[in-house]
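Peer 1: This is the structure I have questions about; it appears just below.
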Amino acid sequence: MSRRYFGTDGIRGRANGLITPELALKVGQAAGLVFQRGDHRHRVVIGKDTRLSGYMIENAMVAGFTSVGMDVLLVGPMPTPAVAMLTKSMRADLGVMISASHNMFEDNGIKLFGPLGFKLSDDVEKQIEQLLDEPMDKKLSESASLGRARRIDGVHDRYIEFAKRTLPRDLSLDGLRVVVDCANGAAYKVVPEALWELGADVISIGVEPDGFNINKECGSTSPEALCRKVREMRADIGIALDGDADRVIMVDERGHVIDGDQLLAVIAQSWKEDGRLARPGIVATVMSNLGLERFLASEGIELVRTSVGDRYVLEAMLRDGYNVGGEASGHIILSDYATTGDGFVAALQILAVVQKLGRPVSEVCHRFDPLPQILKNVRYRAGRPLDDAGVQSAISDAEKRLNGHGRLLIRPSGTEPVIRVMGEGEDRIMVEEVVDTIVDALGNASAAAA
């Protein structure tokens, strides 16, 4: 069965476009029915980020879940990994995060977690999709069996304590000046507080959400403001989270960006030295730079690659017994601590290495020289541009030109109508030329189909 709603990271789209109150209500009903297993009273944890449409979707989902007899625990704006953690901690049957992650406020989405805090499998998502297209009137609970909803206090402190416990008890961030950019998103309350409790000198930006400014010129996808602030405040390091705090990008004392590949290199090498790697390898995606792979090989660490998407990274980690994985975009999964990507917990591991080594972040976090990599996005309105004959010809010509001295990766986004074109190789000029040729062909195909 083709998937109409679920992409690589839940359901995502324009608020009041794809993501309507009607859809949110039905997702609540369908997911509630799928997860009513056993004879106990069933519960769902619902969190959200700070975008305006979160109120609308939250209320619709509460109506959906309670209409099929599920109790709802509302935790308000919280990071996605916090919702996953709370789902397991509070013995809930299901967790929901209302967020479109790094997208702008106009979009929103619904991410679902099972009772152990893991994202749902494809099979479970298909079960929910099937119910979305069925009438619900005969599946609703009797009046006496309807669910209840309540807001839960103290959840911020729970997540702060959870994050702090990922560091050794005797490790302090005293003496470290940290600028943190919370993207005006879900982490704006918890992360600055946690850093302060750990002893850091904290300077916060992106902590004034108004419903519209999430990810707007801030956060992990727009680190320029953080780079400027780090230089201005002469900070030791900067941390940029995205809107739901499941990814992180960092900045060194010079204001230079440290991407997810460099963060993976730091954590992998440090954990290997400390005997903390479950296996002599880590998991990343096909988007990770070849420079990372070469560096890890020199350290005796294997790089296992998956398709793009943190869910595929986690699947490989769980299947093959790895405990470190991630993406260049900043999704870092440390399965000793979390069931999903946790930007703040990953950042804490980097801060721990910085404190341990006592060296500038620019030295600690530059483990390899990345090969030139060009990534461009082509947005399209209709059709299947990748099937166009002109596009296929451009791709074939580009591969011949690279002739084994680089690689191409061309794929549709799983969350939006965008085709991502990535080229990588030792000759930057050649890589730029072949990527631009493919981008032009895709643009022409998209225009012809519109």
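Placement of Cβ uses the backbone N, Cα and C atoms for every residue, glycine included.
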Peer 1: According to Swiss-Prot, Asp242, Asp244, Asp246 bind Mg(2+); which one of Ser101, Ser121, Ser362, Ser393 is annotated to that same site?
Peer 2: Ser101
Peer 1: Quick one: give me the count of other CB atoms within 10 A of the CB of Ser101 (active site, phosphoserine intermediate).
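Peer 2: Around the Cβ of Ser101 (active site, phosphoserine intermediate), 30 other Cβ atoms lie within 10 Å.
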Peer 1: Sorted by position, what residues of the same chain at least six away from Asp242 (Mg(2+) binding site) have a C-beta under 8 A from it?
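Peer 2: Listed in sequence order: Ser101, His102, Ala183, Gly185, Asn215, Gly219, Ser220, Thr221, Val248, Gly330, Gly343.
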Peer 1: Using the recorded Mg(2+) site (Ser101, Asp242, Asp244, Asp246) as reference, state which further residues of the same chain have their Cβ within 8 Å of the centre of those residues' Cβ atoms, listed in sequence order.
Peer 2: Asp49, Pro79, Thr80, Ser99, His102, Gly185, Ala186, Leu241, Gly243, Ala245, Arg247, Gly341, Gly343
Peer 1: Which residues does Asp246 (Mg(2+) binding site) neighbour through Cβ under 8 Å, counting only same-chain ones at least six apart?
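Peer 2: The list for Asp246 (Mg(2+) binding site) reads Pro79, Thr80, Pro81, Ser101, Asp310, His331, Thr340, Gly341, Asp342, Gly343, given in order along the sequence.
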Peer 1: Restricting to the chain of Asp244 (Mg(2+) binding site) and a gap of 6 or more, list residues whose Cβ falls under 8 Å of its Cβ, or answer none.
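Peer 2: In sequence order, Asp49, Pro79, Thr80, Met97, Ser99, Ser101, Gly185, Ala186 meet the Cβ cut-off.
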